[in-house]
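Asker: The domain 'DSBA-like thioredoxin' annotation in TrEMBL covers B:6-194. Look at TrEMBL and you will find B:Ser15 tagged as active site, nucleophile.
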There are 2 protein chains.
Amino acid sequence: MPRRPTLEFWFEFASTYSYLAAMRIEALAEEAGVGLRWRPFLLGPIFAGQGWTTSPFNLFPAKGRAMWRDLAREAARLGLPPIRRPADFPQNSLAAARVASYGADQPWIGPFTRAVFEAEFARGQSIAEPAAISALLNGLGLDGPAILKAATSEPNKSRLRVVGEEAKSRGIFGAPTFLTEDGELFWGNDRLEQALAWATGDRPPGLA
Amino acid sequence: MPRRPTLEFWFEFASTYSYLAAMRIEALAEEAGVGLRWRPFLLGPIFAGQGWTTSPFNLFPAKGRAMWRDLAREAARLGLPPIRRPADFPQNSLAAARVASYGADQPWIGPFTRAVFEAEFARGQSIAEPAAISALLNGLGLDGPAILKAATSEPNKSRLRVVGEEAKSRGIFGAPTFLTEDGELFWGNDRLEQALAWATGDRPPGLA
C-alpha cells in the first residue's frame, strides 16, 4: 500500500480565512487521500515582526472592509452559515491556541477547531476567555477543565512559543498556510485545493 | 436584447497578479457576455497612504518569496509562459499607465496591456522607459511616438491623478480589483471568475 502523504495545516484562531479553511479541510483531505497535521499557531509575534500591532484588516481599513464582504461572499459560496462578526476583532486566541497545541495529535482536534471557529464567526461569540474554550470542550463530550489545565502547563505553553519560531523559520507570514512534505508553501484558503493536489504529486506542468 | 453588463478592471502595470488577470480577462469577459472597462491606475499613492514606500512584497520578504513562488505555480496552471522576473521590482509603471489611461477606451487597450505585461513578466524586460513603451506600441502597428506624446500631455497626466483619487474613494487598496456596476468590489486575480459571475447577476445564495 503506498504511503499516505501528509499536509501541514497552519492556522490561527483569530484569522477569518483560517475559519474558511478549517471548516473544509478535513473532508477535502480525506477525499484526496491526504493525512493532516494540525498546526495551530499565533500570528501576533509574526505580525509584530512586521511592525504591526494588530490585524492588517484593522490597520488598513479599506482592506478590512473588502475582507469582511469577501468573507460573507465566500461563506455563502462554500455553504457555511452567514458570518457573524465577534464584537472584538481580532479575538484573543491564546487560550484556544494552547488547547489546540496540546491536542494537535488527538482525535478531537478537528471537531474542537471547528467548534471554536463556529462560535467565533458563525455565532459571533467571544473565544477569548478560557471559560468559553472549556465550555466548547465540554460540548464535545470532553473534560474541559482538565484539558484547559494541561494546556496551560509550562511545557505546553513553551511548546506553542517554539512552534511560533518554527513558523517564522519556515517562511510563514500569514494564515492559513499549507505546507507539503517537500516544503511547498501555499498561503490562503484559496490555495487549499492546490495544496492538497500538490501533496498527492499532482503539480502544474513544468514545475518541479 | 438585454443590456450587456460591464465590469471595471482596475490594474497596475507593476503588479504581478494584475498580470495574471490581464492575460485572461478579455476572453473570460467575452465568454460571460460582460463588457470591460479598463481602468489603469497607480498603486504608489495608495501604498504611500498606508505608510509603504515600496511593494509589500519587498517590505515583507517572506510574503515576497511566497508570492514569486505562487506566481510561478499560477502561471503554469493558467497556461502562461514561465515567469521571468524583471531586474527591478516593482517596475516604474508611470509611462505605461499614462499610455493605457490615454487609450483606455481604444480598441488597442487589451493588446497593449497584454504586450506590456508580457514584456515585463514573461520576458523579464524593463517597462520603465518611455522608449520601451513606444516600441511595444510600434509592435502593435500603432504610432508609438505620437501616442506617447499625447499620453504625456498635461490633460492626460492630470486624468491619471484624478483616477488615483477615484480609486481611493471607491475603496481600492490593491490590484487587480474588479468593480461591478452595483459597486461590488472583488480584489485579486483569484476573484476574476466570481466578479464576472456577479456582473451577470449570478450571486452566492443569500447575498443581496
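Any Cβ shown, glycine's included, is placed from N, Cα and C.
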Asker: Tell me the coarse DSSP state (helix, strand, coil) of the residue listed as 'active site, nucleophile'.
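Answerer: The three-state answer is coil.
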Asker: Average the pLDDT scores across the domain 'DSBA-like thioredoxin' (B:6-194) and report the rounded value.
Answerer: 96
Asker: Please list, in sequence order, the residues in the chain of the residue listed as 'active site, nucleophile' that are at least six apart in sequence and whose C-beta is under 8 Å away from its C-beta.
Answerer: B:Leu43, B:Pro90, B:Gly174, B:Ala175, B:Pro176
